[in-house]
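Quick notes on the structure that follows.
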Amino acid sequence: SSSSTTTIPLCTNKSLSSSFTTNNSSFLSKPSQLFLHGRRNQSFKVSCNANNNVGEHDKNLDTVDRRNVLLGLGGLYGAANLAPLASASPIPPPDLKSCGVAHVTEGVDVTYSCCPPVPDDIDSVPYYKFPPMTKLRIRPPAHAADEEYVAKYQLATSRMRELDKDSFDPLGFKQQANIHCAYCNGAYKVGGKELQVHFSWLFFPFHRWYLYFYERILGSLINDPTFALPYWNWDHPKGMRIPPMFDREGSSLYDDKRNQNHRNGTIIDLGHFGQEVDTPQLQIMTNNLTLMYRQMVTNAPCPSQFFGAAYPLGTEPSPGMGTIENIPHTPVHIWTGDSPRQKNGENMGNFYSAGLDPIFYCHHANVDRMWDEWKLIGGKRRDLSNKDWLNSEFFFYDENRNPYRVKVRDCLDSKKMGFSYAPMPTPWRNFKPIRKTTAGKVNTASIAPVTKVFPLAKLDRAISFSITRPASSRTTQEKNEQEEILTFNKVAYDDTKYVRFDVFLNVDKTVNADELDKAEFAGSYTSLPHVHGNNTNHVTSVTFKLAITELLEDNGLEDEDTIAVTLVPKVGGEGVSIESVEIKLEDC
């Protein structure tokens, strides 16, 4: 393929290795596992002026791109110098030269460097161009894969692990895992602030690009350009367990830092929050399908709810998650990680280590599949059109060890990228909860008004409040134009802890929160432990939004001026404070 063999010739090998020793010295002394998040394989070729490989839309570097170069790659200009350009401010690729220490938790640094090798010609890294494609790579459901496929996947992964012998090989298993560590645990800064690819609209495109290169690296290691990653089909009852190929001890796909209680076919809880709950298997599966319906349909009618909050350059990181990143993405991480035996939930239960478990990529393949599935549901479910999103950039190595810049705008169509998903039924599509636990409307007069309950210092018990809607009896046209959003402002909590709370409408605090398959269940908030390097008190503050138009219809509350809302903490609630709650109408 023409582009994948384009070289970025290294001016000197010496400068490459010396640029690593400072950042990566601890990496060499600790050969423990690293992380798996997306670059691919083969040897460093770097050229001092290889910027001829530019995507079609980038033939003319516009001001936005030039700014990316200055701020992101060269690191020569401070963000303050460029502040007037705030009207066009996509996130640039990270400045590899200033990549620093990643943090496991507050005051605890990752004991090795998560920084990638720095190409010699760092200031002229080209844009990636898709190589010619003969046939689509079809990603299969992991639980249904045959032995021939499993053998190929195991071989590719073991070959990738063997590349760890050279700790600076960007295609090595640990270097691939470290991509996630660097982008997610505070090693990079952009515009003077920490770069974080979770908790915002960067979540889906970053992980799609990460898996794209990871998959191509695996294929190149077994000389199979059609090789495709499997997806963990946790949204279907047949896939609601660790896929067998990952549960064989001694296999390259096995990781011993997993929760041992969740092996051997244990049904996964897509709302898992770090505590074992004695819920019957059928109820867990029912809850799972309910959660999928809520996250894909009810709570994500518009792009902003699905993708997450806007994150242009210069804003604080982690402005807010989209629905799928929140659930089931985060609970699957927590459920898989070994929180009983590992202090920080390693490997899957912490961003810095998640890529060290091969199942990470399988999990994220299904997360990525949800992007495609969501757009198929219809309505206003389409990609964002904001230029700051479309022009945001990341840095990856391809399977030939060539460094590239990639843009969000180039990953919106999986087929154009050369891959697709083997179809599986999606039973959650028709799993709208209709069972009601409340006949009629709950008496809101007997429930404290929102202004008396908030600000709330700690969510250490279930609380109920009544809240007034901005408009009632809305017409179909009004609903199509604007979504009704239940908004929790300044939800603050310790970001080193697991957090989950559930939200119900039209019930009081006697609600049975273990059964989610009911019309009153509105949604949940979750958080995986993570840290911001410059955040010494480790308190994160987010805005949590739930789309409730469909819920109001299903509960017969469309004509009501005031409704009841109940919050039920599941874990970490004693550390959660909420400043205020309101209902807003937002353009879809």
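A Cβ is built for glycine as well, from the same backbone N, Cα and C atoms used for every other residue.
The model shown is predicted, which means the values in this text are computed figures rather than measured ones.
Annotation comment: Swiss-Prot describes 1-88 as transit peptide.
Other Cβ atoms within 10 Å of the Cβ of Cys99 (disulfide bond), summed over all protein chains shown, number 20. Per Swiss-Prot, the feature disulfide bond maps to Cys99-Cys115 (among others).
What Swiss-Prot records for Cys114-Cys181 (among others) is disulfide bond. Classification of Cys114 (disulfide bond) by DSSP places it in coil, neither helical nor stranded. The Cβ neighbour count for Cys114 (disulfide bond), using a 10 Å radius over every protein chain in view, is 32.
Under the three-state DSSP scheme, His198 (Cu cation A binding site) falls in the coil class. Within the same chain, the residues at least 6 positions away from His198 (Cu cation A binding site) whose Cβ sits under 8 Å from its Cβ are Cys184, Ser318, Met321, Glu325, Phe351, His530, listed in sequence order. The Cu cation A binding site annotation in Swiss-Prot covers His180, His198, His207.
Every protein chain considered, the tally of other Cβ atoms within 10 Å of the Cβ of His333 (Cu cation B binding site) stands at 24. Annotation source Swiss-Prot lists Cu cation B binding site at His329, His333, His364.
Around His180 (Cu cation A binding site), taking its Cβ as the centre, 29 other Cβ atoms fall within 10 Å, counting all chains. Candidate disulfide-bonded residues: Cys115, Cys181. Fewest other C-beta atoms within 10 angstroms, Cys115.
Nearest to Cys181 (disulfide bond) in space, judged by Cα atoms and limited to the recorded positions Cys115, His207, His329, His364, is Cys115. Non-local neighbourhood of His329 (Cu cation B binding site): His363, Val367, each in the same chain, at least six residues away, with C-beta under 8 Å from its C-beta. Cα of His180 (Cu cation A binding site) to Cα of Cys114 (disulfide bond): a distance of 8 Å.
Comparing Cα positions, Cys115 (disulfide bond) lies closest to His207 out of the binding-site residues His207, His333, His364.
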